[in-house]
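Straight from TrEMBL, the features:
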- A:138-354: domain 'Cytochrome c assembly protein' (DOMAIN)
- A:18-39: transmembrane segment (TRANSMEM)
- A:110-132: transmembrane segment (TRANSMEM)
- A:144-162: transmembrane segment (TRANSMEM)
- A:169-190: transmembrane segment (TRANSMEM)
- A:202-230: transmembrane segment (TRANSMEM)
- A:264-287: transmembrane segment (TRANSMEM)
- A:302-321: transmembrane segment (TRANSMEM)
- A:328-346: transmembrane segment (TRANSMEM)
């Protein structure tokens, strides 16, 4: 018994060490991303302006290019040409944070390598924590937070591995991951411990893991939406003949076009929405076993319902005339704010059945 | 459904929809957006206008947002349905605001008129949207994909080449290819028209229908539900009739006959607790062992009920809701005759099971003068007592003590007024005095006895301390329907979000110079990278069966509008 306890204590300490190491490496990655953006600002690209202010003929530049493979042999094959839909601007995607600058690109690659390292450290920390408590590491907010940021970074790295154009997200992601972890180790830290009986259920694995995953993906979508709003007003300004500030130009030129960002965040949100539905339903089934009713308007239940409805509103708004674009984007942010409040706000300010172990 | 117009569909720069004509129509059954315009006069006109507004996407969206907005106060203001004592407390602390909230139904938001109005309107809007869409979709399934638009170059994805094959051959090959790829394809004029991804619409309709099923199941469950609590001491039992409940709530349409007949007996309760660390005393296991039987003559069966594992009998579930201690006490009269011996359940006051309650001796006791009298004892129980104040140090039975204050007189139980079994009504009770003339009280360890003064008898704290478990017995019909609806909703949602509905046209005609020109175009509901990818793949495959004809001297593609597009190699081309 005491031996086991000692092992557990060692594991818990190991977990803490790993989390702190991960934070240190994330910080390094953060600086590397900054360096990428700084060096990238040397390149003077103004594709957006060029695309938007050029003469009508030249304005019809390609919106999307599909699979640009070279070689004369392939040239004989039929080629698919793609048109942008009516009413959309044909703005090319930016080159990414490095802005085509070689040194910037190098720092960007260093930053990603560091992110991978930090991710592995953090993952180790989460696993060690789980081993020390001999259960899923989702019993309190500290454990939620460390798992949450691990998953968010995992999603980012996964999309990168799938060769999605998402490298631009790095700086924003590491910034929030550092904030999230900082909050976890200072305010929310809880000694590793066992669960109260109400949490002893395999539904813990199903319900909480999907909740964390959804949150991480919603977060990625929200970052895309915020950047979309900036980029969209930047493009609007250019299109109406305005001159955005140099900083805005430098940063926003390197991001994907507003249309791409919008599409990206829509896809991310839409892809995870069924899973969020599942999370709520899994929670309801668990509640049916644990509390004697599957739906009882507990604050956490209510807020996950509100979040669900807000995201449903966003998905509908995207298909509704007069709500497309910016208005839908505001809805997406509102929905994410609901998610955040459901996580932090409900746990801290509202008492309900979901209050366990410390915070 | 092929295109009938022979005139040029639209001048350059015209809107996309005009360009595509029928081809782009009905790629989904989404309602057309109409600008809100005032109706012509008349009741029917207004009704029609109202209905059209209600079933429009814009209003549905607003109702959705209102619904989420309306749900917020219920999570911040105490609700009677969840915690009635908190509501009472709130009313006491904020009388004015409490009255305002009362008028607005803020203490029962989710059953208030305005909240119901929002969701009922939303669901009416939903039904008004789904029914026509279902008919439309059925029509689309019975029809065929629309024929190719006149100018395929205007479509979002397009490709063309000149081939040595005959136009008929190309069309046949295209038809076979598209059918092999599970498109619904048919030959219409000089082109093959094909469509795929109908499951998107199916998913969409299933999802929205499932929402309606869930709502009805939930409402049904609320109307016919029954929920009650029963405290059972180890060794005692419960049978499922209304009179046996300590506390019972039911839905508006519930009748007594809806209760499932069953009974159970609590054999044993076991609780273990964290022994050390910051969460010392937090429960680790909680379990009650029961013997239960269904119906009047059912066989006894054995089951362990835990926090997450209720006992399920039909659509009734028996949950372990709370637990506490029930010390056994024996009361004797002045002659030493036992007048009372029972386990007295006490209510826990804190997380470490500091408990309080009352012992009431109602019948059979006669005082020293031989008169009938009732006895009452205020009881405080601590499972782990370390001296000092009567506050428990740990929830398990480590060093239990029972503190008793003794009274005699009239308990007031015969007056017919309901009273709490855990509290003494001291109005007509007199204190037993100790030698100093103060209220008689004593701290007892198991096995110890407190003597009442002047030969009034004694009370003994027996060594056998029982535990009690409180069970929540709830019955919520139609939960199976709710679950089914939920599962269908997830699948429908996934289908409607992940499946692309798209159309492909392949036109093969003989050009002016006698060489066959193949044109392919794709159209998706939303602009997706998948549509051109798939088109490239199809084109690559078709190209193998209809290889390129030698190019005439540098003439531009007949259909290509210069400057509109940039050629890129097809997907399928570099795969092979």
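Heads up, the Cβ atoms here are built off N, Cα and C, so glycines get one too.
Take the transmembrane segment (A:110-132) and the stretches A:144-162, A:169-190, A:264-287, A:302-321: counting Cβ pairs under 8 Å, A:144-162 has the most.
Relative to the transmembrane segment (A:264-287), the listed stretch A:202-230 leads the set A:169-190, A:202-230, A:302-321, A:328-346 in CB pairs under 8 A.
Comparison of A:18-39, A:144-162, A:202-230, A:302-321 by number of C-beta pairs under 8 angstroms to the transmembrane segment (A:169-190) places A:18-39 first. Through the fold, the transmembrane segment (A:328-346) approaches residues 144, 215, 218-219, 221-222, 225-226, 228-229, 232, 262, 265, 269, 299-300, 303-304, 306-307, 310-311, 313-314, 317-318, 352, 354 of its own chain, all at least 6 residues removed from its boundaries and within a Cβ separation under 8 Å.
For the transmembrane segment (A:144-162), same-chain residues at least 6 beyond its ends with a Cβ under 8 Å from one of its own Cβ atoms are 19, 112, 115-116, 118-119, 122-123, 125-126, 129, 137-138, 169-170, 173, 176-177, 180-181, 183-184, 188, 208, 212-213, 215-217, 219-220, 343. Through the fold, the transmembrane segment (A:302-321) approaches residues 218, 266, 269-270, 273, 276-277, 279-280, 283, 327-328, 331-332, 334-335, 338-339, 341-342, 345-346 of its own chain, all at least 6 residues removed from its boundaries and within a Cβ separation under 8 Å.
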